[in-house]
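*Asks:* One structure, pasted below without further comment.
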Amino acid sequence: MASSSLPNLVPPGPHCLRPFTPESLAAIEQRAVEEEARLQRNKQMEIEEPERKPRSDLEAGKNLPLIYGDPPPEVIGIPLEDLDPYYSDKKTFIVLNKGKAIFRFSATPALYLLSPFSIVRRVAIKVLIHALFSMFIMITILTNCVFMTMSNPPSWSKHVEYTFTGIYTFESLIKMLARGFCIDDFTFLRDPWNWLDFSVITMAYVTEFVDLGNISALRTFRVLRALKTITVIPGLKTIVGALIQSVKKLSDVMILTVFCLSVFALVGLQLFMGNLRQKCVRWPPPMNDTNTTWYGNDTWYSNDTWYGNDTWYINDTWNSQESWAGNSTFDWEAYINDEGNFYFLEGSNDALLCGNSSDAGHCPEGYECIKAGRNPNYGYTSYDTFSWAFLALFRLMTQDYWENLFQLTLRAAGKTYMIFFVVIIFLGSFYLINLILAVVAMAYAEQNEATLAEDQEKEEEFQQMLEKYKKHQEELEKAKAAQALESGEEADGDPTHNKDCNGSLDASGEKGPPRPSCSADSAISDAMEELEEAHQKCPPWWYKCAHKVLIWNCCAPWVKFKHIIYLIVMDPFVDLGITICIVLNTLFMAMEHYPMTEHFDNVLSVGNLVFTGIFTAEMVLKLIAMDPYEYFQQGWNIFDSFIVTLSLVELGLANVQGLSVLRSFRLLRVFKLAKSWPTLNMLIKIIGNSVGALGNLTLVLAIIVFIFAVVGMQLFGKSYKECVCKIASDCNLPRWHMNDFFHSFLIVFRILCGEWIETMWDCMEVAGQAMCLTVFLMVMVIGNLVVLNLFLALLLSSFSADSLAASDEDGEMNNLQIAIGRIKWGIGFAKTFLLGLLRGKILSPKEIILSLGEPGGAGENAEESTPEDEKKEPPPEDKELKDNHILNHVGLTDGPRSSIELDHLNFINNPYLTIQVPIASEESDLEMPTEEETDAFSEPEDIKKPLQPLYDGNSSVCSTADYKPPEEDPEEQAEENPEGEQPEECFTEACVKRCPCLYVDISQGRGKMWWTLRRACFKIVEHNWFETFIVFMILLSSGALAFEDIYIEQRRVIRTILEYADKVFTYIFILEMLLKWVAYGFKVYFTNAWCWLDFLIVDVSIISLVANWLGYSELGPIKSLRTLRALRPLRALSRFEGMRVVVNALLGAIPSIMNVLLVCLIFWLIFSIMGVNLFAGKFYYCVNTTTSERFDISVVNNKSESESLMYTGQVRWMNVKVNYDNVGLGYLSLLQVATFKGWMDIMYAAVDSREKEEQPHYEVNLYMYLYFVIFIIFGSFFTLNLFIGVIIDNFNQQKKKFGGKDIFMTEEQKKYYNAMKKLGSKKPQKPIPRPQNKIQGMVYDFVTKQVFDISIMILICLNMVTMMVETDDQSQLKVDILYNINMVFIIIFTGECVLKMFALRHYYFTIGWNIFDFVVVILSIVGLALSDLIQKYFVSPTLFRVIRLARIGRVLRLIRGAKGIRTLLFALMMSLPALFNIGLLLFLVMFIYSIFGMSNFAYVKKESGIDDMFNFETFGNSIICLFEITTSAGWDGLLNPILNSGPPDCDPTLENPGTNVRGDCGNPSIGICFFCSYIIISFLIVVNMYIAIILENFNVATEESSEPLSEDDFEMFYETWEKFDPDATQFIDYSRLSDFVDTLQEPLKIAKPNKIKLITLDLPMVPGDKIHCLDILFALTKEVLGDSGEMDALKQTMEEKFMAANPSKVSYEPITTTLKRKQEEVCAIKIQRAYRRHLLQRSVKQASYMYRHSQDGNDDGAPEKEGLLANTMNKMYGHEKEGDGVQSQGEEEKASTEDAGPTVEPEPTSSSDTALTPSPPPLPPSSSPPQGQTVRPGVKESLV
């Protein structure tokens, strides 16, 4: 019966939990001995067995699996035998606590004293596993943390400290007593988390009893106690696991990053060394106080021969005192280092930098550019040494305040160096930082998959058990019934089976220890009951009580009333009304602003009361209609009631001061929109989902932030207090310091936001460089890069496009759509009725209903009333499902919903019954309904027409792609248009119907001429040259726009040329447009989006041309129209394939990007309104206009006091430019906070704000920081990352749509395919032949050794180090030493180059790396030679620097060695084409915006971010500014001056010399639109596409590198092959095969002894016992990847490919295989043996016969019979020796393989043989005869 099979799967019950006794211990020891013996046996017999693993669901720390039921109370807290079969022969036991958690202990004596049975240890274990114990420890840790945050702890805190130490010591003692110290598994120190405890406690005692000097540094170690929380909270360990995993995975990326940064830092060091110290120094110096005229002498210093000369200030004669006309007191050093002589810009701490090249920054009059003083930012920003350069580049890579570094460098070195920054931002910043993201995301995804798989497995196991159990139960029932029938009495009790408690066999296949029986039935039934109960959250009496109290059905009239209310409240129109109210309410809240009139304020407050009333009424009515019991079952209703209650509370407390924040809760009503707005709903869900997973992560983040905040406070707090004067001129603590916990926390949070460098400078200034760098970079790397990226990875994983595309749940209509459907139906009804009236016949309602369909049903406009999401095309994978779901609605599929169910009501509630299912995703037509469907739903005309897509990559008339008419299938078109050169019709059919005059007969007369003309035009337009010409014109006209800068007025010639050119371009484009109209016809031209774009841009040109003729060119509107010419470059879009691809991808993503954008705006709206509530009108301050200092509140307290001072003239009551005075400005402020640019000023203003119209006071409102912290977490981290999510998702979807190449392969096949793809493209290279010459040969051997390569690598590293040692201002000695070292390196590398060329001869240049080396060597030598020339003759030092960079090329050779780095670079290489396209698009956007910026902001006042170098005056400057903002850096600074709209901020009447433009004011509205749109386009879209591509390719690259066989393995195979096949014949001898496969490296290697293995590979052989390389590689690949039946077809295709690539293989056909060969050998040996035996027997017989013959020779008495026999005997054994010899030799020839004798023709083969082997080609005389021909059919099968 079933009982035999059941033991494996019967779930174990609580009876399996047996106490651990000395007998159990003895049994374990016994099993251990047996296991050891078994392993020994297996080892001797060479039996491999799978490795046993512990069961994952029985790990320590997890809960006892459900299957075991509830453990009885008596087994709780006592040692039990281990349940896991893995530990059956290991000395362990488990203990369960009340929460059913498993604790595993070692059964050896703890601390050598306490056995598992000793009373002390048992007590310790009981304490350790108790829930209260961990609770107590947790509380202790938290209390301890609170004490740690005190910046000035009271005196008694010392004793508290001792208490904590005591508690921790006690905890560790308990653990050691229970577990043992460190010898066995599961002891105290075997758990890494306990190392933490141990070190913390040790440190506590050490610091107490040993005086170690700097205590504060050691005290900081106590902070690690906070990490202990991780051990106590269960979910945290997994997240920390994921973090640690991702850090391991990051190693490659980290190495690559450090390497790249080092290379970049070296480049920076060589290029900009010492540049940042060039300052504007007052020149010439004043001789004495009276003689001031001397340095006011104009002619002297503006003398051009001095100014701008690179080297004059180094000239010693000037520095010597004698040259100063006898004034020997002048001290040059002191003069140039005195800050008083430097030129400072207003409000800046650092002197103005300058440079000596023409495009660098220049000094104002009276100043010269001299290298003096220290570097900017306390001297910490520089490229003077390698370390500072590295820091600068790391900062650049993390994009922190990099605009400052960018501006300083460009000012000092010149604008051309922008290229350096472009490379680093794109390669370093975007690429490397996103690689880190990619790695973290992958690590997280892998971890997730693993857990999911594990759960799945358990689930399946459990299901199987249930199945078995059910069967078992049935069988038992049957047995019982049978028994009852037989015996006639009741069978009592369950029969109990004896079975293994584990319900599973040991992994080794042997049963585990025998255990007492346990009943399967009870176990499962218990488990089932438990599951049932788990689903019910509360005890049963609770439900009874709830039913009584919360369901109101008292009397019949009430129930009736309730029903009526229900019908009203649940009506779709009510929902619509409520939604409209929500929107209106939001509008009302958003209309608050400052300053607001009394009346407006009253209107708003009344409005608020009305809305509160409406929402309260809705809630009350719903409560009545649904009963509280039902009402509170729905999440939305709970949400509503919460908000309504809050609104009412807020009304009650309206006048209480400080509770205005409660008003912000009304904003949550906005979220009610989510009910009817799927995207918002989905987004809230995504955030909800990720908050679950993020809960733990946030905790980890909080712990990290806490730890670092405390560390910072402990380490640096005092220093900030003591050395504050170094960083603050007024010696007050700055806003960012670490003197108390809150400020320390803010600094750490700021670092997490990616802003670390500025606070780090302060810290380094007060507390020393080493400590600050360490702490800050740790926070940066751990917090920002790893944790925040994990955050993003989680978001991405809980995000998926499917949810975006079709999130309308179950396709249920929401009430809004029903309501709107009804309204549309009503309008249709009225329309039909009125039309009827107009036609003079009155239609009855029935007729109208017949024509329209039911209300809300398939009405006229039903198509439009479909919800947005339904129109959107579902992603391919959901397609089937989606189609079904739409058809289900209509009742057209036999889905779960039968058509009958779709009764009349469903029709009414379903306004989108007519949706037709889209066919394939690529087709734009809607599917045509079949006839029955058309009859069923009256289908309006306009829906039946296929929709023409807006953008269509293929059919762009205005692009080079061939034009295909949109309406027809290509096949039809081909039939109608044989040459494909027929123009389409000009007008649509509808036009021709309306105006018959448009119809032209093209068969005769003028019509025919017209047709000929159109065909001619068509030919012209379709010609390639025409297209090329137009592209050229577009580029030229775009280029012309770049010249129209502020200097155009002064350059008359250029201006005139441009004016004429502009006209020419306009005429050309008009001509092009007319040609296309004639050629394509209006219909085609105007149905193409790209053509519309051309049309509009040409229109702009025409209008400005006409205005010029009429003389209106100076009119305002015309001028602003002219700025639209900036859009010209857009026409290039459709003409460049690469850009068009990107644009199409982007356009595809626009719907979902817009969706997310809208949702973000809603999300931000809440924060914006909250900001207006909190800060409107509070940012104003009173300022002294001369010193621009803010008055203290003791002087000026509010606006009126300020105004009373104003008449003195020097006082102004002004506002911060970016503020919260209304919702619009609130949005701008939030954008600045979210991009972390300009957020400081906003935060400072918020923190200082008091009340409306009051003077702010320093940090009076400190906790307003939290508003920003919360916004940054939700508004910035979440919402901005959602953009990345959407874009990446869309990207993947589109890839699925278009690139589904490998969708039709199984996973196995994909692996093979990829391996083969690499394989087929390679063929063995002919190795470079060893030279014949003896000396050359020796050199060759030396050069090709691996040791040689390695030593060169080491030298390259050393060279890198010597380059790093260089510094600015190094001593002459150091310069000489470095020069000599460099010389040595150049000699060595030149030597290497020469040696290689000598040894490899002309083959040297066949290897890419060698060419690279050669170029580097040449450049190094040239650089060395030129450096002397440069010092002698003044060539620009820039050239000199660039030449020195050549040396860095040598470092790049290191990449050859590292495999992991190669993968990453491979990913970069793979993404390059796509990135190039995106770069082009980005440049296009920048180009258009810079033209626009030049025409709008060229004359803006120079302040904050706009100055003499960074402005919109010329095209170059604009591009530089826009490049900066592409990463959103510094856009606040550029926006600030543009926000000046009038005096006193700027002067609208100011004259700008050289032009007739007046004023230096900006245009705030245009400025804000300009910057916000640019940031959204470039930063959010383009940059995120960059990220998406990198993630994508990184995944591909890692997949390739993680595949069992990579490129490298094949490379290695061919490298080894070259040694065995020096002539590249592609064949090797069978005899050498064994050595060959042994020489390979893993995974292809087959180590010796490998003869048998090779035979089983069954390799094909050709005459001469040779084997082809590809066959070997195929076989080895198969060996590594495992065999799969699908291989053969694939192999076939691969072979064909290889044949095509390598013609040499075509010539051979294999005639046998190694396996066959072996079989033949075996046969041959057998035949030989048999034949030898036969010969032996014969010779024995012969001998005996001869002997007898000789005996009986004379005897003639032999009978006749004997004579006959003798004859035969003679024949056989007689004197025919020779013949026998020949015969035997022939036979042996045929069979044997060892002796190769004379060739013999093979015998004819039987048919089965022919099937096995192809017919052989004629054999060359040298080769041995073909084998395998003589083997009888069936031999192969019989022999192995």
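Including glycine, each Cβ sits where the backbone N, Cα and C put it.
Okay, these came from Swiss-Prot:
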type	residues	note
TOPO_DOM	1-131	topological domain 'Cytoplasmic'
TRANSMEM	132-150	transmembrane segment
TOPO_DOM	179-192	topological domain 'Cytoplasmic'
TRANSMEM	193-210	transmembrane segment
TRANSMEM	217-233	transmembrane segment
TOPO_DOM	234-252	topological domain 'Cytoplasmic'
DISULFID	Cys280-Cys354	disulfide bond
DISULFID	Cys363-Cys369	disulfide bond
TOPO_DOM	439-572	topological domain 'Cytoplasmic'
TRANSMEM	573-591	transmembrane segment
TRANSMEM	603-622	transmembrane segment
TOPO_DOM	623-636	topological domain 'Cytoplasmic'
TRANSMEM	659-676	transmembrane segment
TOPO_DOM	677-692	topological domain 'Cytoplasmic'
DISULFID	Cys725-Cys731	disulfide bond
DISULFID	Cys763-Cys772	disulfide bond
TRANSMEM	773-791	transmembrane segment
TOPO_DOM	792-1025	topological domain 'Cytoplasmic'
TRANSMEM	1026-1043	transmembrane segment
TRANSMEM	1090-1108	transmembrane segment
TOPO_DOM	1136-1152	topological domain 'Cytoplasmic'
TRANSMEM	1153-1172	transmembrane segment
TRANSMEM	1263-1284	transmembrane segment
TOPO_DOM	1285-1347	topological domain 'Cytoplasmic'
REPEAT	1328-1626	repeat 'IV'
TOPO_DOM	1396-1407	topological domain 'Cytoplasmic'
TRANSMEM	1408-1425	transmembrane segment
TOPO_DOM	1456-1474	topological domain 'Cytoplasmic'
DISULFID	Cys1546-Cys1561	disulfide bond
TOPO_DOM	1591-1840	topological domain 'Cytoplasmic'
*Asks:* Mind giving me a neighbour count for Cys369 (disulfide bond)? Other Cβ atoms within 10 Å of its Cβ, every protein chain shown.
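*Replies:* Taking all protein chains shown, Cys369 (disulfide bond) has 23 Cβ neighbours within 10 Å.
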*Asks:* Sequence order is fine: just name those disulfide-bonded residues in Cys280, Cys354, Cys725, Cys763, Cys1546 with a Cα within 10 angstroms of Cys369 (disulfide bond).
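*Replies:* Those close enough are Cys280, Cys354.
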*Asks:* Please identify, among the disulfide-bonded residues Cys280, Cys725, Cys731, Cys763, the one with the smallest Cα-Cα distance to Cys1546 (disulfide bond).
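*Replies:* The smallest Cα gap between Cys1546 (disulfide bond) and any of the disulfide-bonded residues is with Cys280.
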*Asks:* Within 10 Å of Cys354 (disulfide bond) (Cα-Cα), which of the disulfide-bonded residues Cys363, Cys725, Cys1561?
*Replies:* Cys363
*Asks:* Examine the transmembrane segment (217-233) against the transmembrane segment (1263-1284) and state whether at least 3 Cβ pairs sit under 8 A, considering only residue pairs 6 or more apart.
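*Replies:* The transmembrane segment (1263-1284) and the transmembrane segment (217-233): touching, no.
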*Asks:* Please report the distance from the Cα of Cys363 (disulfide bond) to the Cα of Cys731 (disulfide bond), rounded to the nearest angstrom.
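*Replies:* Counting only the Cα atoms, the answer is 32 Å.
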*Asks:* So which residues does the transmembrane segment (1026-1043) touch in its own chain, when a touch means Cβ under 8 Å and the partner is 6 or more beyond its ends?
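*Replies:* Those are 960, 1020, 1054, 1058, 1061-1062, 1065, 1068-1069, 1072, 1125-1126, 1128-1129, 1131-1132, 1135, 1487, 1490-1491, 1515, in sequence order.
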*Asks:* What is the nearest of the disulfide-bonded residues Cys280, Cys725, Cys731, Cys1561 to Cys772 (disulfide bond), using the Cα of each?
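*Replies:* If we rank Cys280, Cys725, Cys731, Cys1561 by Cα distance to Cys772 (disulfide bond), first place goes to Cys725.
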*Asks:* Spatially speaking, which of the disulfide-bonded residues Cys280, Cys725, Cys731, Cys763 is closest to Cys1561 (disulfide bond)? Use C-alpha to C-alpha, please.
*Replies:* Cys280
*Asks:* Spell out yes or no: are there three or more C-beta pairs under 8 angstroms between the transmembrane segment (573-591) and the transmembrane segment (1263-1284), with each pair 6 or more apart in sequence?
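*Replies:* No; fewer than 3 Cβ pairs under 8 Å.
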*Asks:* Find the shortest Cα-Cα separation between Cys280 (disulfide bond) and the disulfide-bonded residues Cys725, Cys731, Cys763, and name the residue that gives it.
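*Replies:* In terms of Cα distance, Cys280 (disulfide bond) lies closest to Cys725.
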*Asks:* Please list, for the topological domain 'Cytoplasmic' (677-692), how many residues fall into helix, strand and coil according to DSSP.
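*Replies:* Split into helix, strand and coil, the topological domain 'Cytoplasmic' (677-692) gives 15 helix, 0 strand, 1 coil.
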*Asks:* Of the residues in the topological domain 'Cytoplasmic' (179-192), how many are helix, strand and coil by DSSP?
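*Replies:* So the topological domain 'Cytoplasmic' (179-192) is made up of 5 helix, 0 strand, 9 coil.
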*Asks:* Within 10 Å of each Cβ, count the other Cβ atoms, then let me know which of the disulfide-bonded residues Cys280, Cys1546 comes out lowest.
*Replies:* Cys1546
*Asks:* Please compare the disulfide-bonded residues Cys354, Cys731, Cys763, Cys772, Cys1561 by how many other CB atoms fall within 10 Å of each one's CB, and tell me which has the fewest.
*Replies:* Cys731
*Asks:* By DSSP, what is the split of the topological domain 'Cytoplasmic' (234-252) into helix, strand and coil residues?
*Replies:* 19 helix, 0 strand, 0 coil
*Asks:* Please report how many Å separate the Cα atom of Cys763 (disulfide bond) from that of Cys731 (disulfide bond), as a whole number.
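*Replies:* Computed Cα spacing between Cys763 (disulfide bond) and Cys731 (disulfide bond) is 15 Å.
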*Asks:* May I have the DSSP-based helix, strand and coil counts for the residues of the topological domain 'Cytoplasmic' (1136-1152)?
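*Replies:* Breakdown, helix to coil: 16 helix, 0 strand, 1 coil.
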*Asks:* Who are the chain neighbours of the topological domain 'Cytoplasmic' (234-252) in space, where the CB to CB distance is under 8 Å and they lie at least 6 residues beyond its ends?
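*Replies:* That would be 61, 436, 439-440, 442-444, 446-447, 451, 695-697, 699-700, 786-787, 789-790, 1460-1461, 1463-1464.
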